[in-house]
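In what follows, a single structure is set out as structure tokens and then discussed.
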Amino acid sequence: MLLCFPHKLRFCFLILNAGVFGKPTSGSIYENGRIRNERMFRRKSCYIFQDDKLIETLTIKESLTIAAELKLGNHISASQKRQRVEQIIMSLGLYAVENTKAGNLSGGQKKRLTIGLELVSDPPVMFLDEPTSGLDISVAKKLVNLLHLLARQGRTMVITMHQPSLSLLQMVDRLYAVVAGKCAYMGSVPLLLPYLNQLNLPDLRCLSYHDPVEYLIEISGTYEEKLVEKSKNGSNNCWVTEATDSPILERPKLLRITSTNEEISLTLLTAPKENSTNKIILALKSTYSTSFWKQFITLTRRSVLSTWREPSFTLTFISIHGFMALFIGILFKNVGEDVEKVRDNYNFLYFSLMFLMFNAFSAVSIRFPEQIPVTRREHFNRWYTTGAFYASTLLSTLPIQTVCTLLYSILVYWMTGQSPNLIRFTIFNFTLLLVSYVSLCMGLLNGSIFNVKNGVIFGPLMIMPFTIFSGFFLRYRDAPYFFRWMFQISFLKHGLVGLVLSVFGMGRSNFSCPKIFCYYTYPTQLLIDNHMDKEEFTLAIGALFAISFALIATSFVILKIRLKSKW
């Protein structure tokens with residue numbers, strides 16, 4: 001396969017019909033006559049997906065600013081980054097809506113923002129997959145005109161489209177038609193009509209007033225072999241002329257696309273001045289423009305900002321925990337010191353465990369997969385590593401989860417009349433926090449494997465084994481011998497042990513019995529009945545930490561595989 005970008009070749013157009021490109025099975029890929037270095041080529045190229053996946057809660061200016069932080073790196077000053085962002089906003093005609101959230105933009109504005117995000121680093125080669133998909137002909141024409149002007153500045157723009165109009169083709173330098181995975185034509189647009197007329201097809205002739213592209217698509221299914229033979233599968237350069245290539249614009253010149261609503265003043269988007277020494281050192285160390293720590297900080301800031309812009313979810317999440325805490329507190333009021341309600345107290349502990357677990361698991365399982373499309377685009381274009389994204393996602397979800405968990409645990413502890421001992425109170429809250437964190441990691445694992453729809457279906461199946469072997473429904477000594485190992489990997493079992501020990505263990509004094517005999521006068525009796533008399537709190541906490549680390553590592557590996565594939 002030959003990938004060639006000659007000096008004057010700036011705007012390439014691919015027409016896809018009845019086939020797609022598959023993975024290469026043999027051969028080599030060349031770039032300007034040399035074997036392509038994939039690592040270096042990915043640094044100077046970008047790929048813009050068909051779907052405009054953006055962080056809808058961020059404004060245009062915020063999105064571009066974050067892109068500049070990730071793509072330009074530390075070898076470019078902060079003032080130059082700000083200047084670059086302002087330049088792109090003005091050049092793409094987005095100044096009037098620069099403070100508008102991406103979710104409120106029109107289709108054409110979203111597409112221009114998507115292009116602008118990649119223009120931040122000024123890549124010399126840009127691939128666009130059907131950029132006019134879903135746009136009307138007027139918006140599509142302005143968008144292709146914008147790509148044409150970007151190409152005039154010295155970039156190579158390669159776009160794909162299934163059925164372009166003739167007005168769009170007039171702005172194209174090179175046309176590459178693909179039929180069933182093979183080349184049907186490769187050359188300039190003005191020579192397409194003579195090319196088709198030279199085929200000498202029986203009873204068929206493309207007249208001068210016909211759209212040659214529509215004619216090519218129309219005959220491609222019937223005369224596929226003839227087209228491929230005529231173009232020699234793309235190796236025939238007879239239809240390639242340099243006369244059709246417009247000259248590259250001089251730097252002082254200004255290009256304008258004017259419409260009734262907006263104006264695009266496309267100046268030369270030159271990359272900011274760079275510290276060449278730092279850039280060379282960075283290139284030797286990594287294929288990314290910024291360090292892991294810089295990526296982590298920027299992505300965390302973006303996640304926090306996005307969450308702050310969507311307060312309804314946060315307030316709803318906090319309200320649910322507060323409401324349930326009051327409801328459970330009233331329902332199990334003062335069961336902590338009542339010897340006749342020890343079993344009710346035990347049931348309360350398990351319900352608290354299940355409530356916090358399901359809330360943490362469900363929230364992440366729904367929200368995390370929604371980020372995957374945006375992450376796939378940014379990761380593919382080398383904005384950041386998988387590790388930086390995963391770490392920032394994990395960290396940004398902890399504050400809200402911590403607030404909600406503590407709100408619930410503090411309220412129910414005092415309302416249910418548990419021991420006023422500070423150590424027991426601390427252990428109770430700490431155990432519930434750890435369980436909610438492990439549940440959060442389980443939700444990230446579920447979101448890494450499934451999309452939202454499948455995650456809702458298969459998510460409970462992932463949780464059920466941990467629930468059954470939690471020790472509440474089935475005690476360890478009553479389980480079949482070959483299933484007992486499941487208790488050791490159930491984080492709910494270790495969480496229940498921690499809660500029970502915080503309330504009934506650690507040498508708690510006996511309950512006062514108002515009757516002649518009370519079965520649970522001695523708190524250790526409950527531990528014996530539930531096979532927890534030999535459990536230790538430190539081991540339970542250690543197991544929770546181990547399980548969380550295992551879940552984090554597993555979900556990270558799965559996410560890394562998913563981002564590298566079409567999964």
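Any Cβ shown, glycine's included, is placed from N, Cα and C.
Automatic prediction, not curation, is the source of TrEMBL annotations.
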* Structure fact -> Candidate ranges 156-177, 486-507; TrEMBL annotation transmembrane segment resolves to 486-507
* Asked: Would the transmembrane segment (348-368) count as touching the transmembrane segment (456-474), if touching means at least three Cβ pairs under 8 Å and pairs must be 6 or more apart in sequence?
  -> yes
* To do: Mind checking which residues of the chain, 6+ beyond the ends of the transmembrane segment (313-336), have their Cβ under 8 Å from one of its Cβ atoms?
  => 307, 344-345, 348, 351-352, 355, 359, 363, 367, 400, 403-405, 407-408, 411-412, 414-419, 503
* To do: Give me the stretch from 388-415, 486-507, 537-559 with the greatest number of Cβ pairs under 8 Å to the transmembrane segment (427-450).
  => 537-559
* Taking residues 6+ outside the transmembrane segment (388-415), which of them lie with a CB under 8 Å of any CB in it? -> 292, 295-296, 299-300, 302-304, 307, 314, 317-318, 320-322, 324-326, 328-330, 332-333, 348, 352, 355-356, 359-360, 364, 368, 371, 375, 379, 425, 428-429, 432-433, 436-437, 440-441, 444, 552, 555-556, 559
